[in-house]
Amino acid sequence: MNRLAVEIPGLSLKNPIMPASGCFGFGQEYSKYYDLNELGAIMAKAVTPEPRLGNPTPRVAETASGMLNAIGLQNPGLEHVLAHELPFLEQFETPIIANVAGATEDDYVQVCARIGESKAVKAIELNISCPNVKHGGIAFGTDPDVAHRLTKAVKNVATVPVYVKLSPNVADIVSIAQAIEAAGADGLTMINTLLGMRIDLKTRKPIIANGTGGLSGPAIKPVAIRMIHQVREVSNIPIIGMGGVQTVDDVLEFLIAGADAVAVGTMNFTDPFICPKLISELPKRMDELGISSLQELKKERTNQ
């Protein structure tokens, strides 16, 4: 038995570690550094129906223990991704999780209905942190009813399992998670970035041209752990955890809190080899902590 293996809807993972969406592109650059078959899965960059240029620069800023970004979902659009990006990933055994974004419910439905045409795509990650342009720009993921309706609409057309990425910028993460699970989601990914800002002391203006950006990196890990634990207390839905993972101990902390697998985001920019490093270090650390397998760790968590 593979002690690192994880089985969740649509995904047979050889290990629980994967790069998070937005920090790995579509994998081509990283494939020059290591074999992508080492990874448990790959969360690909967000896709929208039409190409997007993204936000004006500067759109990235370093912070203490993290970074801010306001990329604005820059991507080449659905048709280009299906024709040029996903075919490259089909040569690997590693399952691909396609991240889908949009400005309207119809945008999500359009992409989710077709993204599964690629044989590499084994699941969808629904980015519901996007502003809903038909409802005053409020993010889809901040209202349980809106999140429920969007999830249901996507489930009606998707040909692969659907994981919904939760925004931490809410008062009650549990009610959002429960609404999404009730709509038929196959799993959750959590958490997305926290809204933040940095000010340039000389210009007296925000460093990010957009004003605000998403805070990621080690600074948000305690928030991610807390939210995953809260959701796991009330639900058995599969969870892919993320938010500030740097070390193998971070990986195990997420798994003990309630995640079934773990995604690494910002650290890919600091160390492009971070995912294979964590994968190679995990068995030894499990031995040191008396963890025979991730399957046993999950049983232990369930019985508490």
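Placement of Cβ uses the backbone N, Cα and C atoms for every residue, glycine included.
Copied over from Swiss-Prot, here are the features:
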type     : residues                                                                                   : note
ACT_SITE : CYS130                                                                                     : active site, nucleophile
BINDING  : SER21, LYS45, ALA46, ASN99, ASN127, LYS165, ILE191, GLY217, GLY243, GLY244, GLY265, THR266 : FMN binding site
BINDING  : LYS45, ASN69, ALA70, ILE71, GLY72, LEU73, ASN127, ASN192, THR193                           : substrate binding site
Please report the Cα separation of ILE191 (FMN binding site) and GLY72 (substrate binding site) in Å, rounded to an integer.
18
Secondary-structure category, per DSSP, in which SER21 (FMN binding site) falls
coil
Give me the CA-CA distance between ALA70 (substrate binding site) and the residue listed as 'active site, nucleophile', in Å, as a whole number.
12
Candidates SER21, ASN127, CYS130, GLY243, GLY265 (recorded positions); nearest Cα to LYS45 (substrate binding site) turns out to be SER21
Do me a favour and check the Cα-Cα span between GLY72 (substrate binding site) and GLY265 (FMN binding site); whole Å is fine.
17
How many Å lie between the Cα of GLY265 (FMN binding site) and the Cα of THR193 (substrate binding site)?
10
In the chain carrying ALA46 (FMN binding site), residues 6 or more apart in sequence that have Cβ under 8 angstroms from it
SER21, GLY22, LEU73, ASN75, ASN99, VAL100, ALA101, ASN127
Looking only at LYS45, ASN69, ALA70, ILE71, GLY72, LEU73, ASN127, ASN192, THR193, the residues listed as binding substrate, what is the longest Cα to Cα distance in Å?
16
Cβ packing number for GLY72 (substrate binding site), 10 Å threshold:
14
Using DSSP reduced to three states, classify ASN127 (FMN binding site) as helix, strand or coil.
strand
For a quick check of understanding: given the listed FMN-binding residues SER21, LYS45, ALA46, ASN99, ASN127, LYS165, ILE191, GLY217, GLY243, GLY244, GLY265, THR266, what is the maximum Cα-Cα distance in angstrom, as an integer?
20
State the Cα to Cα distance, in Å, between CYS130 (active site, nucleophile) and GLY243 (FMN binding site), rounded to an integer.
18
Same-chain, non-site residues whose Cβ lies within 8 A of the LYS45, ASN69, ALA70, ILE71, GLY72, LEU73, ASN127, ASN192, THR193 Cβ center for substrate are GLY22, ALA46, SER129, GLY214
